[in-house]
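Only one structure is covered here, and it is reproduced in the block below.
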Amino acid sequence: MASSYRINCSTLLHLLMFLSSLLTSSANLSFNFYASSCSVAEFLVRNTVRSATSSDPTIPGKLLRLFFHDCFVQGCDASVLIQGNSTEKSDPGNASLGGFSVIDTAKNAIENLCPATVSCADIVALAARDAVEAAGGPVVEIPTGRRDGKESMAANVRPNIIDTDFTLDQMIDAFSSKGLSIQDLVVLSGAHTIGASHCNAFNGRFQRDSKGNFEVIDASLDNSYAETLMNKCSSSESSSLTVSNDPETSAVFDNQYYRNLETHKGLFQTDSALMEDNRTRTMVEELASDEESFFQRWSESFVKLSMVGVRVGEDGEIRRSCSSVN
C-alpha cells in the first residue's frame, strides 16, 4: 500500500476551521466523543480495518460503498446493516454491498471492552474513514456521537441511491437533497479510485448486435478501454464478474480516477458525465493535476457526508448487535 498522506500546516488550519463551522450545526457530535467512555474505540476500528485489508485488498472499496449507501438512504444511522425481509439490506439495490463482517468484527471487539457505548453508525463512518487511509489516502478526522436508527425500510433505497446511468442533473439533485454541493459530488465520486463493480452496473453502455456480440453505444468511452470491458463482460457468467473501477491503480486511493476521466476511461456513465459537462469538467481537471488538492477536498466533503441525516440523543439508540434493533 502507498503511504498515507499527511496534511501540511496551512491545509490543516483550513480544515479545522471548516470542521468547526460544521460542528456548530451539529452540537451533539464532537471529536473524540468516546474519549472518556471508550477511549480505544477508534483504535479498535482502525486496527480491524487494517487487518481485514491486509488479507483482502478489496475491503476499502467495500467499506466506502457501504457508507455511501447508508448515508444516502436514511442518513448515516447504520440502518443498512439491519437484517430482515423488508429492510434496506434486502433491497436488490444493496445486494452487492460488502464489508459487513468487518463492521461486525469491530463492533464485537468494542462491545467486549465498552458494552452498549459505541454506535454502529459511528463504526461504519470510522471504518469508511480508515478504509481510505488503509488504501493510501488522507487521514481524516471526523466527529462522532451518532446514534443508530431504529428502523430500516427497503422502500427507501431506490428513491435515494444513485444509479450508474444517472445524468449529471440527476446526480446534482440527489446530492443537493442531502445538503451536498456539486463540488462534493465531483470530489466524492473520487471514491471510484478504488473498488470494483459487476458488469451489469455499466453494460448499458453496450448493446449486442445481430450475432450476439457486444458493440459500443456510448461514444464517450475510449475505444481500447471499451474493448477491454466488452471482452471482460461478454461471457455467460458476466453477472458475477467484477471489473476494477480504476483500471490503473485499483487498490490505491489516489487521484488516478480523475486522470482516467480525462482519457475517457470512466467505468460508469455517471463518471464520464463529470468530464463531458462544463459545470464539472474544470474541477475534474484540477483534481487530476493536483493530488494534494483532491485529498484536502476529500477530507472536507467526506466529513460533510458523514453528517448527513445523523441521529443523536433520543432520536436513536446504541444497538447491541449491528444487524438488529434493540
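Placed from the backbone N, Cα and C atoms, the Cβ positions cover glycine too.
Bear in mind that the values here come from a model prediction, so they are computed numbers and not experimental data.
Features reported for this protein in Swiss-Prot:
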- Thr193, Asp246, Thr249, Asp254: Ca(2+) 2 binding site (BINDING)
- Cys38-Cys114: disulfide bond (DISULFID)
- Cys71-Cys76: disulfide bond (DISULFID)
- Cys120-Cys322: disulfide bond (DISULFID)
- Cys199-Cys233: disulfide bond (DISULFID)
- Asn28: N-linked glycosylation site (CARBOHYD)
- Asn85: N-linked glycosylation site (CARBOHYD)
- Asn278: N-linked glycosylation site (CARBOHYD)
- 1-27: signal peptide (SIGNAL)
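Of all the binding-site residues in the list Asp246, Thr249, Asp254, the shortest Cα-Cα distance to Asn28 (N-linked glycosylation site) is found for Asp254.
Cα separation, Thr249 (Ca(2+) 2 binding site) to Cys199 (disulfide bond), rounded: 19 Å. The Cβ of Cys199 has fewer other Cβ atoms within 10 Å than any other of the disulfide-bonded residues Cys76, Cys120, Cys199, Cys322. Within the same chain, the residues at least 6 positions away from Cys233 (disulfide bond) whose Cβ sits under 8 Å from its Cβ are Cys199, Asn203, Phe206, Phe214, Leu241, Val243, listed in sequence order. Cys120 (disulfide bond) is 13 Å away from Cys114 (disulfide bond) when you measure Cα to Cα. In the three-state DSSP scheme, Cys120 (disulfide bond) falls into the helix class.
The Ca(2+) 2 site is defined by Thr193, Asp246, Thr249, Asp254, and by the 8 Å test on Cβ atoms against their centroid, the other residues of the chain that qualify are Ile194, Glu248, Ser250, Val252, Phe253, Asn255, Gln256, Tyr257, Asn260.
Looking only at other Cβ atoms within 10 Å, the busiest spot among the recorded positions Asn28, Thr193, Thr249 turns out to be Thr193. Cβ neighbour counts within 10 Å, taken over all protein chains shown, single out Asp246 as the most crowded of the binding-site residues Asp246, Asp254.
The two recorded residues Cys322 (disulfide bond) and Asp246 (Ca(2+) 2 binding site) have their Cα atoms spaced 31 Å from each other. The two recorded residues, Asp254 (Ca(2+) 2 binding site) and Asn85 (N-linked glycosylation site), have Cα atoms 38 Å apart. DSSP classifies Cys38 (disulfide bond) as coil under the three-state reduction. Long-range neighbours of Cys38 (disulfide bond) (same chain, six or more residues apart, CB within less than 8 Å of its CB): Ile110, Leu113, Cys114, Thr117, Val118.
Counting only the Cα atoms, the space from Thr193 (Ca(2+) 2 binding site) to Asn278 (N-linked glycosylation site) is about 22 angstrom.
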